[in-house]
Every structure is written in C-alpha cells, then in structure tokens.
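Trainee: Have a look at the structure that comes next, please.
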Amino acid sequence: MATQNSSSGSREVFASRFTFVAAAIGMAVGTGNIWRFPRVAGEQGGGAFLVALVVANLVWAIPILMSESLLGSRSRLGTVGAFRDFMGRKFAWMGGFMGFVTIGIMFYYSVVCGWAIRYFVYAITGRFESGADTEGIWDGFTTTPWQTILFHAIAIGTVGLIVYRGLKRGFEAILKFAIPLLFVFLVILAIRAMTLSGASEGLRYLFVPDWGSMGDARMWLEAFTQMAFSTGAGWGLYLTYSVYLRRREDFALNATTICAGNLLASLLAGTAVLGTIFALRTQSFAEEAAASGNEGLAFIFFAELFGEMPGGRWFFAPLFFLALAMAGISSLIAMMELATRNVEDMGLPRRRAVPWIVGVAFLAGIPSAISLDFLSNQDFVWGVGLLIGGLFSAVAMMKYGVNRARAELDTVSDFRVTWWWTGLIRIFPAVFVALFGWWIWRTVDEFAPDTWWDPFEPFSLMTMVAQWAALFVVMFALNNVLSRQVSAGPMTPPGGPGTVETRREG
Amino acid sequence: MDVVIWTLIFLGGDLLILIFLLSWAVKKDREKARLAEGEDGAVE
C-alpha cells in the first residue's frame, strides 16, 4: 500500500497521477455540468460564452486550484490545518469557513444526488414511456417526503460507505473506474443526440458564437460564475485531495488537465441535452426548458423526450440518470472526505468520524429533502459563499508570500510557474470584487428587490449575509480551539502552531 | 457548415487539448521515474 510519512503519522497517497487526476475531475464534474451548463451556455451566446469560460478557467480556476494544491500537499492537513500552518494560528477560522461552506453544500447536495438515483430507478422501471407526465412524476416525487428522505439517505449512506474505507480501498478504488465510465456514458449520450435528425440546431445554439455578446458584462460574469461553481476552485475539495498527493507531484499541469476534463464533460453534456431537445422539439421548448431552472430542465423537460427517442425509454433514460447520479456522487465523495479529513485532523479516527458525519449530514439534509424552497435557499447562500473560499486561497498565498509559493510550485511543476501565476493571484481580489459584487447587486436588483432586507426570503441579500455572518462569528470565536485541536503536520513548528513563524519546507 | 466547424473547434479542440495534456503528464512522469532510478543507482 502506497503511504508516505508525515509528522502526524503515515498518510495514504494516490497510487498514480492518473488516479489523482481522475478523482479530481470527479470532484469537479457534478450535476451542474449536466443540467446548469447547457442552460446557461445556450442562453449566454453559445460559442462566445465558451470563449469567456476558457478565459475564466485560466484567470480564476487554474491559479486557485494550484494554490489549494499547495495548501493541501505541503500541510498534509485538511482546510483548517492548512490555513493554520500557511497563515498562522490566528487564521484557522478561514479554513473552517471554507470547509463549512462546502459542508453546507453537502447537506443539500446529497438530496440532489438522491433525486438522480430516484430518477435512475424510475428509468430502469420504464417510467419514461412516450407521453409520460414527467411534471406529474416530479411533483409526485418531491411532494412525498418519505421518498425524498429515503433517497437522500441512500445517497449519503453510499458515499459514507465509500469514504469510510479510506483512500486506497474506498474512493480511489471507485473513482479510477467510475470517472472514465462517466465519460463513456456522456460520449454515448452525445453521439446519440448528434445522430438525431435536427440536432444541428441544438449544436448551433451551444457552439456557434454570438460575437455581439462578447461586450456584454453579464455574459462574462455568468461565465466566471459557471466556472467557479463547476471547477470546485475555492471549495477546499482539491485542497483535501491534494493531502494525498505523492511527494514532488506536479501542480500546474494537473490543475490545467482537470479544468480541461471538466470543460469536456460540460461540452459533452451540453451536446447531449441541447442536441436532443432541438431534435425533438423547437427552440421555444428549449427556452421554456431553460427558464424552468436546473431541476425542471433535467427532470421534467428532458425526461419527457426519452419516450420519443429510439432506444430512449430503456437505454438512454437509464444511462442519462445514471450519469447524473455518478457525477453527483463523485462530487459528494469529495465533500464528505473534506469533512472527514478535518475531523480526523482533530484526532477522531476515520471509523468513528464517518458515521458521525453521515448522521449529521442526513439530519441536516432533511429540511432540503422536505422543502424545495429551503434547498433553493441553501443552494443560493452557500453557492455564492464558495466564491469567498477562492478569495481565502488567494489571501493565503499572499500571506505565505506569493513569490515563495510560486517558487515551490515551480520546483515540481511540469511547466514553468512564473509571473503569470503571481500576477493572477495578485489581481484575484479585484476579480473577486467584480464577481461577488455582481451577485450582491443581483440580490437587491433582480432576485428580491422589495424584500432584500428580509432574512426569511429565500433569495434575499439578508438571508445570505445573515447565514454567512453566523458562520463567520462561530468560526472566528472557535479559532483558538480549532487551531489547538488540529494535529501537527509537516509544516507545523516543533513547539506547536504559532510558537515560531511557520518554517519553510525544503 | 458553420455548426460543424464550431463544434469541431470547441468540442474537438477541448478533446485534443485534454489528450495532449494527459500525454504530456505521462511523458513527464516517465522522465521523473527515470531520473529517480538514476539517482537511486548513483546512491547505491
């Protein structure tokens, strides 16, 4: 078994670069690639949006993923310990904030994975025949709490079993097969869509650029938002997987490969979804589907089409919902591992930590399983909140020393990490202010213009600020406890965290 | 025709880039392994 020693004991490491990259792509590829990307890409100008998305990956995702990787691989600790050892004991709360934002997402994301599993079961039992009332199926399912709670339990329980077994026997063993298989499924779905008569209109909607939208600030902000939600940069998930990196593993090429793989999954899913919709329906149907939101697009509008597609009912419907469930579960695994790594760092062994986390996640996910409004609120609050995690990663690099971090990245990376990385980290706060400010403005101007001050309004500014403030206060108040409780890693000074300045690892 | 070209540029282009990056990673890993073997040999 591949292990490496650290001062906190031996730590399992990924067996190969391929398995690490596969796991990290699995972390990044989620339900958003399949149901959010096609909707937003088509609406925002097709190919022009894709160009903006590539720029967003280069400017935001790759530098932040590299920063997270440095934080995790050097500290060999979860988010709390990594921020403590890179920035000093007064900053452990930042890792706690980043971790809890992602854990907040995990609570409702398990419910979403449960939906995908339920729809896979519907599909293999032939529910999506021609003329199926998919809106009735969706309403019937989501208004039956025992069903949504049961499938939420199945999702979180399955992921718990995988994470309980650790890296080698658990998530590495599963993901090295599951992620290539997910791509095979997406390729089959995309080819099926492209071979349907009339699919070219869907491809036009997705790929042909509307260059006029290049000057539209909203299109750029949508591209940066999609990229931030999709790649997982700033969530702490890549940081967590990097704890298990082999020594002297590359940073730059891996981060670039993961972004390219994540984008490919989105493009394949977009081809499958939009190609099918335009082949079997009209543009107005596609626009209506897009306006119905993520769940409406996948579970009502797209599900309606399987019965009309040759082989759709018994082959392509199960394949689509299996791909959706696999994409969701591969991300949920990373979220649970993030929670487990932090709890393990605080001294609780994995075999005890995972059952606790599964239990808490199950209970905390029940409100989202019962109420779609509650789930939407949580998606909104913690979805926007994860942008803050990206800022924290950049700030951690600045506190540690951008040039010092660059030199460490450059030493082992397969292509040179030079001024471009330091420059992107230094301008990151400005990019963050533009994107974050846009979201704040939208809450007041677009989502809840009359009730932005009401914390009980699902999409108000105040509901976001109140929940972030509560988390910030708790994490800040617990900073010293967190800092003390997390065990020492290879970067922790011999006298304990904060005793002397964090030493540089050779 | 423009649909085919833009689909090839974006979908085909990203696929080619991913294959290129993965091949580059494999090549670099082999080089690192060879170097590590050389260093081990020198130590012995």
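Yeah, the Cβs are placed from backbone N, Cα and C, and that goes for glycine too.
Not my notes, these are from TrEMBL:
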TRANSMEM  A:14-35  transmembrane segment
TRANSMEM  A:47-71  transmembrane segment
TRANSMEM  A:91-117  transmembrane segment
TRANSMEM  A:149-167  transmembrane segment
TRANSMEM  A:179-199  transmembrane segment
TRANSMEM  A:219-239  transmembrane segment
TRANSMEM  A:251-280  transmembrane segment
TRANSMEM  A:314-334  transmembrane segment
TRANSMEM  A:354-374  transmembrane segment
TRANSMEM  A:380-398  transmembrane segment
TRANSMEM  A:419-441  transmembrane segment
TRANSMEM  A:461-482  transmembrane segment
Trainee: Are the transmembrane segment (A:314-334) and the transmembrane segment (A:419-441) close, by which I mean at least 3 Cβ pairs under 8 Å that are 6+ residues apart in sequence?
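Mentor: Judged by the Cβ rule, the two regions do not touch, with the required three close pairs absent.
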Trainee: If we skip the immediate neighbours and take only residues 6+ beyond the ends of the transmembrane segment (A:354-374), which ones have a Cβ under 8 Å from one of its Cβ atoms?
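Mentor: Hits for the transmembrane segment (A:354-374): 103, 106-108, 110-111, 114, 142, 145, 148-149, 152-153, 156-157, 159-160, 163-164, 295, 336, 339-340, 343, 348, 458.
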Trainee: Pairs 6 or more apart in sequence, C-beta under 8 angstroms, 3 or more of them: is that satisfied by the transmembrane segment (A:14-35) and the transmembrane segment (A:179-199)?
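Mentor: Output yes: the transmembrane segment (A:14-35) sits against the transmembrane segment (A:179-199).
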Trainee: State the non-local partners of the transmembrane segment (A:149-167) in its own chain: residues 6+ outside its ends, Cβ under 8 Å from one of its Cβ atoms.
Mentor: 12-14, 110-111, 113-115, 117-118, 173-174, 244, 328-329, 332-333, 336-337, 340, 350-351, 354-355, 357-358, 361-362, 365-366, 368-370
Trainee: Take a look at A:219-239, A:251-280, A:380-398, A:419-441, A:461-482 and tell me which one has the most Cβ pairs under 8 Å to the transmembrane segment (A:179-199).
Mentor: A:251-280
Trainee: Taking a Cβ cut-off under 8 Å, which residues six or more beyond the ends of the transmembrane segment (A:461-482) line up next to it in the same chain?
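Mentor: Result: 80, 84, 89-97, 100-101, 104, 377, 380-382, 384-385, 388, 440, 443-444, 448, 452-455.
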Trainee: Against which stretches of its own chain does the transmembrane segment (A:219-239) lie, if we need a Cβ under 8 Å and a gap of at least six residues from its ends?
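Mentor: Residues 24, 27-28, 30, 32-33, 36-37, 40-41, 44-45, 48-49, 52-53, 55-57, 59-61, 64-65, 68-69, 71-72, 78-79, 82, 95, 98-99, 101-102, 105, 213, 255, 258-259, 262, 266, 331, 334-335, 337-338, 383, 386-393, 431, 434-435, 438-439.
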